[in-house]
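Structure first, commentary second.
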Amino acid sequence: MPRLHDHVWSCSGSGAARPHSLPRGMIAAARCPQGSGAPEPAPRSPRAGTAGCGARPGSWHHDLVQRSLVLFSFGVVLALVLNLLQIQRNVTLFPDEVIATIFSSAWWVPPCCGTAAAVVGLLYPCIDSHLGEPHKFKREWASVMRCIAVFVGINHASAKLDFANNVQLSLTLAALSLGLWWTFDRSRSGLGLGITIAFLATLITQFLVYNGVYQYTSPDFLYIRSWLPCIFFSGGVTVGNIGRQLAMGVPEKPHSD
């Protein structure tokens with residue numbers, strides 16, 4: 001009997017030892033799925049990354065074409081309206097065969113203005129990204145529309161207002177142009193690009209007038225009007241705001257989806 005009793009206790013001891021050995025087996029079994037499952041996400045992440053990288057260039061080019069078309073169309077329409085306004089006020093004079101056309105303007109003026117608007121509108125957000133200074137001041141379409149209205153008003157004032165001399169008119173339009181920049185832009189890149197655009201556009205206009213393509217009435221500054229750089233400056237700021245707003249809508253689409 002003692003031997004049987006000892007044998008029973010030995011069996012119970014071995015049975016009691018099994019529960020102590022089970023957690024180790026369970027821990028080992030629990031570690032196996034982690035080890036086998038760990039490499040699984042590794043091949044998935046490169047595939048997702050390559051798919052995203054492959055989709056980005058196509059979407060970026062598609063967005064670039066869309067923004068270019070919108071800016072080009074805006075430049076064409078604005079050129080037709082503002083140029084017609086200046087012709088009616090006898091500020092800009094074209095040859096007689098040009099005035100006989102349906103739009104009372106040279107055929108090359110709207111395409112050139114549209115191309116310039118597309119270049120300027122794409123350049124503004126590009127310069128902002130390179131400088132690392134994203135423009136976030138008044139980023140809504142209502143502000144952009146007000147900026148367009150102010151720019152049209154400045155151009156209308158240049159053709160309609162009568163001052164004692166051109167210096168007073170130029171100073172007034174310069175103050176209005178700087179006020180437009182301060183109200184709707186307030187960025188150093190916008191100020192620098194606006195001044196650069198005004199300088200280059202004035203040189204191109206002087207070249208065209210000097211070669212007899214068209215002319216201005218009462219020129220007072222190297223064959224042109226002295227207030228013309230102010231118009232180019234405010235136009236550059238306006239088109240730049242449109243380009244920034246169009247570029248700002250691009251990253252918002254994935255978040256909305």
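Here the Cβ of each residue, glycine as well, is placed from N, Cα and C on the backbone.
Marked as ubiquitin cross-link by Swiss-Prot: Lys136 (among others).
The feature ubiquitin cross-link is assigned by Swiss-Prot to Lys138 (among others).
Positions annotated as region 'Disordered' by Swiss-Prot: 32-54.
Per Swiss-Prot, motif 'KxHxx' is recorded for 251-257, and the stated evidence type is similarity to another entry.
As annotated by Swiss-Prot, site 'Required for the recognition of 25-hydroxycholesterol' applies to Phe151, with the evidence given as similarity to another entry. Counted within 10 Å of its Cβ, the other Cβ atoms near Phe151 (site 'Required for the recognition of 25-hydroxycholesterol') come to 24, all protein chains included.
Feature annotation from Swiss-Prot assigns topological domain 'Cytoplasmic' to 1-64 (among others); the stated evidence is similarity to another entry.
Mean pLDDT of the predicted structure over the topological domain 'Extracellular' (88-106): 53. Marked as topological domain 'Extracellular' by Swiss-Prot: 88-106 (among others).
Sequence annotations record features per position, and here Swiss-Prot assigns topological domain 'Cytoplasmic' to 125-139 (among others).
Taken from Swiss-Prot, the feature topological domain 'Cytoplasmic' covers 185-189 (among others), and the record attributes it to similarity to another entry.
Per Swiss-Prot, the feature topological domain 'Extracellular' maps to 212-225 (among others).
According to Swiss-Prot, the topological domain 'Cytoplasmic' annotation covers 244-257 (among others).
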> Can you tell me how the residues of the topological domain 'Cytoplasmic' (185-189) break down into helix, strand and coil by DSSP?
Replying inline: 2 helix, 0 strand, 3 coil
